[in-house]
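Scroll down for the structure; my scribbles are underneath it.
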Amino acid sequence: MGPFKSSVFILILHLLEGALSNSLIQLNNNGYEGIVVAIDPNVPEDETLIQQIKDMVTQASLYLLEATGKRFYFKNVAILIPETWKTKADYVRPKLETYKNADVLVAESTPPGNDEPYTEQMGNCGEKGERIHLTPDFIAGKKLAEYGPQGRAFVHEWAHLRWGVFDEYNNDEKFYLSNGRIQAVRCSAGITGTNVVKKCQGGSCYTKRCTFNKVTGLYEKGCEFVLQSRQTEKASIMFAQHVDSIVEFCTEQNHNKEAPNKQNQKCNLRSTWEVIRDSEDFKKTTPMTTQPPNPTFSLLQIGQRIVCLVLDKSGSMATGNRLNRLNQAGQLFLLQTVELGSWVGMVTFDSAAHVQNELIQINSGSDRDTLAKRLPAAASGGTSICSGLRSAFTVIRKKYPTDGSEIVLLTDGEDNTISGCFNEVKQSGAIIHTVALGPSAAQELEELSKMTGGLQTYASDQVQNNGLIDAFGALSSGNGAVSQRSIQLESKGLTLQNSQWMNGTVIVDSTVGKDTLFLITWTMQPPQILLWDPSGQKQGGFVVDKNTKMAYLQIPGIAKVGTWKYSLQASSQTLTLTVTSRASNATLPPITVTSKTNKDTSKFPSPLVVYANIRQGASPILRASVTALIESVNGKTVTLELLDNGAGADATKDDGVYSRYFTTYDTNGRYSVKVRALGGVNAARRRVIPQQSGALYIPGWIENDEIQWNPPRPEINKDDVQHKQVCFSRTSSGGSFVASDVPNAPIPDLFPPGQITDLKAEIHGGSLINLTWTAPGDDYDHGTAHKYIIRISTSILDLRDKFNESLQVNTTALIPKEANSEEVFLFKPENITFENGTDLFIAIQAVDKVDLKSEISNIARVSLFIPPQTPPETPSPDETSAPCPNIHINSTIPGIHILKIMWKWIGELQLSIA
């Protein structure tokens, strides 16, 4: 264990301007506060785990200080303890800290034995990651040999999370050619090691030097670059943080720009330190002159859920059927969404507040009915939001502190006094979820959600979009086991004319089925309702509430797996259908869809990105059909197909995260986001977690000229997909965002084509270069670009920095295809020298019809390798009769094999022989 001394790690936070983040982290005088480490409810109780987390973080603060030139340190952290663990005197109730906004999740390994620390990164270079994942065994120090000290590995992950930097190693392609010479992928290039391969046969193993492949110019499969235990290089933390000497990130001076790794691929060849230096945190801090204190810790234990509904019943709620819709959505929340064991109260407000019901615990259906009957029946008066909030605080404090409680605030009106209670809200420790109903809801409403970490949603007056019910359906608990949460399977609406039918199907898959509820609403008269289960049996027993204009059916036990069919008939009116359920089994993770946007405010012409993360437990669901419905305050709805293709807005292919740019703004104000996901004949579940941004697995190290091998890294097959069909249906609220600076129609074209991020190149036929990429659009990843500009150079930096001066390829015959189509282009390099050992670099720029240009693409690379001539062996006397070998020579370039290198972002080498 020579290279692994007791070390510490860096915790540095990159707060993106305008970015949507649930994180509670704040930077205060060089110290980071409010970081949440959550222990998963399924982790067995182990009090030593808490101390191990503390030790890791305490070590980290010093390393943070050193690595950033005394600029940052780790000030405090909250450790979130499961409700199922024993209570202790020093465990207190959380305030705003929840599992949903945790920065670090400590959970059992998936699959078992895979303890690799990793970070979810959905965005591009410089964009904040989602969450760090660690296992109890990793934190306990049981993986020191494989990943080095826990603190150092955690720094590596935190840089992914807060700064949006990427790995500087490459598990798929560990070596590359540079000017005809083999180089190990590393940063900095001064790190030393030996290229060896471990061979095992018959229970015994031995080590030998890697064999040079005279055809490809690279080493054989299985070759490892094993590091010397003693190094002098100080960088880089994103390559090999476990090495004692490494205490820095790569800078522009020592960064290895040619290495085919994700950092170069995603960040346009920039060093990690350059990316970090561009962060807002770095720009607003200066180095410290004194030693900071050790970090402090708070131990927070999840308790019973406490919720108070604060509902607007002012005069404006009488218009547009709003009060009735509030009752429908409120009943869904009370009858289905809120979990058993929760404490729920209700306050209404107009010009003043009115307590409808004190806190009661939901232990039975009768408790739910009691609250549902207290929903407001009449609307009148003005709007005083602060009165409602203050009354809710009073209701909660009669039984519990407000810390960690939740308030669901719905309003449709303006209130210019809302800022008067902001300080009280901050001091309360309560989480406020806001629902803005209609076009005139108070503009300051979202501030309440932002300052408390609550959800912000918007529902228009377009009843058929079912926005209000979706908003309340999204308010399941942010804590506790996922098996207890309400999951929305369907949400649909339609305006019928002349006794038309609203027909459709809902899939109940094997991961859900408990507490399944069918909810139907109407605007005029009760419709005819027909429902059949998968066996064709007609279902009856709907509870009809003519006053609220809704009917619902709770399926007893576990609903049958399969396709449920419904038919609704009515005269001219609007109907909606909502179906919710829960996990069928506490030990079988349900398929979930989590949707969001990359920011909650968007200033035109800045594009917005919509994400949908589809998982069963930790396993991603691939090849689903995913669409986002984005509705503006004008009532206009845009439908986006979200893709998991690794192009455009989508950062990584086949990781279960579906993404797309939104550019179709039509007005200023609020927009709601809703995602529909369907799994059919093509959908599949990946057995293992896809390769994420994670710390380097150490194959071994060299100590006193001897190689000490670690056990082989757990195999993670990127193609390990279960081909059994995954049929399911889900809907998910993606919250809302607010757009500004949108010009009046006609809206000008200010959006360029999207950046090409998956350009690959290979030599074809000895003299031609074949390019492939995913087509961008006229506006990012929508429409069709007008033309492409392709340039080449023998210098990677010249092509990046002097693209317009580099040699241009004739693309007259290249007509762009529609966005997200595969493009193929074959050309012959001209007016450039291409000889043995030469690397040729290629990049593309897309141009739209108004001459707006995309960013330069990733840089692809082809390398020409001519194997050395091998003299014929002199035959031994007893081999004189041996026949001569039959030699085949490439007909295009005699005596030369061509090495074709397809390099995605100079990152993912794929080698083949022409």
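Note: Cβ is positioned from N, Cα and C throughout, glycine not excepted.
What Swiss-Prot records for this protein:
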- HIS156, HIS160, ASP167: Zn(2+) binding site (BINDING)
- ASN503: N-linked glycosylation site (CARBOHYD)
- ASN585: N-linked glycosylation site (CARBOHYD)
- ASN770: N-linked glycosylation site (CARBOHYD)
- ASN804: N-linked glycosylation site (CARBOHYD)
- ASN810: N-linked glycosylation site (CARBOHYD)
- ASN831: N-linked glycosylation site (CARBOHYD)
- ASN836: N-linked glycosylation site (CARBOHYD)
- ASN890: N-linked glycosylation site (CARBOHYD)
- 46-199: region 'Metalloprotease domain' (REGION)
- 1-21: signal peptide (SIGNAL)
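ASN770 (N-linked glycosylation site) sits 34 Å from HIS160 (Zn(2+) binding site), taking the CA atoms of both as reference points. Every protein chain considered, the tally of other Cβ atoms within 10 Å of the Cβ of HIS156 (Zn(2+) binding site) stands at 30.
Here the candidates are the glycosylation sites ASN503, ASN585, ASN804, ASN831. The one whose C-alpha lies nearest to that of HIS160 (Zn(2+) binding site) is ASN804. The most densely surrounded of the glycosylation sites ASN503, ASN770, ASN831 is ASN770 (count of other Cβ atoms within 10 A of its Cβ). According to its DSSP assignment, ASN836 (N-linked glycosylation site) is coil. Recorded residues HIS156 (Zn(2+) binding site) and ASN804 (N-linked glycosylation site) have their alpha carbons 36 Å apart, per Cα-Cα distance.
The shortest Cα-Cα distance between ASN503 (N-linked glycosylation site) and any of the recorded positions ASP167, ASN804, ASN810, ASN836 is the one to ASP167. For the pair ASN831 (N-linked glycosylation site) and ASP167 (Zn(2+) binding site), the C-alpha distance works out to 36 angstrom. With a 10 A radius on its CB, ASN804 (N-linked glycosylation site) counts 9 other CB atoms from all the protein chains.
Listed in chain order, the residues near the Zn(2+) site other than HIS156, HIS160, ASP167 are THR119, GLU157, ALA159, VAL165, PHE166, MET238, SER693, GLY694, ALA695, each with its Cβ within 8 Å of the site Cβ centroid. Across the structure, ASN585 (N-linked glycosylation site) and ASP167 (Zn(2+) binding site) are spaced 38 Å apart at their Cα atoms.
Here ASN804 (N-linked glycosylation site) is positioned 14 angstrom away from ASN810 (N-linked glycosylation site), judged by their C-alpha atoms. The two recorded residues, ASN836 (N-linked glycosylation site) and ASN804 (N-linked glycosylation site), have Cα atoms 27 Å apart. Taking only the Cα positions, the spacing between ASN804 (N-linked glycosylation site) and ASP167 (Zn(2+) binding site) is 30 angstrom. Around ASP167 (Zn(2+) binding site), the same-chain residues six or more apart in sequence whose CB sits under 8 Å from its CB are MET238, PHE239, ASN261, LYS262, GLN263, SER693, GLY694, LEU696, listed in sequence order. Cβ contacts within 10 Å of HIS160 (Zn(2+) binding site), excluding its own Cβ and spanning all protein chains shown: 27. Under DSSP, ASN810 (N-linked glycosylation site) is assigned to coil, being neither helix nor strand in the three-state scheme.
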